[in-house]
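Q: What Swiss-Prot records for 28-48, 51-71, 102-122, 124-144, 151-171, 174-194, 212-232, 233-253, 274-294 is transmembrane segment, and it gives sequence analysis as the kind of evidence.
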Amino acid sequence: MNPKSPLFLRLSDRLDVYLRLMRADKPIGTLLLLWPTYWALWLASDGIPDLAVLAAFTIGTFLMRSAGCVINDFADRDFDGAVERTKNRPFAQGRVKKKEALLLTAFLCLLAALCLIPLNHLTWLMSLPALFLALTYPFTKRFFPIPQLYLGLAFSFGIPMAFAAVAGNVLPQAWILFAANVLWTLAYDTVYAMADKEDDLKIGIKTSAVTFGRYDIAAVMLCHGGFTLLMAVLGAVIGAAWAYWTAIPIVLLLQYRQYAAIKSRVRQICFETFLANNRIGWVWFTAIFAHTFFAK
């Protein structure tokens, strides 16, 4: 195909728009979804996850995160133009139609559903509330005072699904990990919301940063503390090897550094602090990986 032909240029433009809607150039959301899923897969499989299951969850996570981003932009299409961070998104620039976004969301969900084929029926069943949470979260910002808590539920459903896929049932430690991840998500997404707080107050969007008001930093650190405490409880429940426990002082240091950073409440610093949570996910994955290795 001639790269200068009208058809090629049209297809290239549509592909660019769709990839931007999917946040394909911003993998942080996929990583923050993958870390707790990987924690669960490694714990449930004693450190040796089946490659087909691992691939299914990895690809499925990317696809569902992408679908969530598209439906999020659809839901926020009337607000994104008024927010500094989102004013250049496709809807805000008038580069995409509502029908296109809905069809792209449906297509991505269909592809994600195909990833369930090699998994058991319990995993299929648990994917239904996961799908519901992922697709409805963006609309909670209109009426729910802490939508980040709802997002925490959506971002944590990979955990019981992973246990269901590997063990055939959801063990108690899965729910401890689930609760821990809800708190972690609430912490880092509140920091994310702090970056947009002034804009959200003007347009009337509800976020945890708005709801917590001047106690937003205290709320973030309480959630971080609860997350780390529950990870310690998880370690006790599974009889974690010594390597697991080395994560706690490292994570506490990373959390303190986040506290020191967000005290300024500067928009860019809050956004960079949100991104830094990828390190916490990586540290805990390394600790769980080491636990499964040394516990054998």
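Quick reminder: no glycine exception, Cβ is built from N, Cα and C everywhere.
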Q: Do at least three C-beta pairs under 8 angstroms join the transmembrane segment (233-253) to the transmembrane segment (274-294), pairs 6 or more apart in sequence?
A: yes
Q: Give me the stretch from 28-48, 51-71, 102-122, 151-171, 212-232 with the greatest number of Cβ pairs under 8 Å to the transmembrane segment (274-294).
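A: Selected stretch: 28-48, with the most Cβ pairs under 8 Å.
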Q: Using a Cβ-Cβ cut-off of under 8 Å, list the residues of the same chain that are 6+ residues beyond the ends of the transmembrane segment (102-122) and lie near it.
A: 18, 21-22, 52-53, 56-57, 59-60, 63-64, 66-67, 70-71, 74, 131, 135, 164-165, 168-169
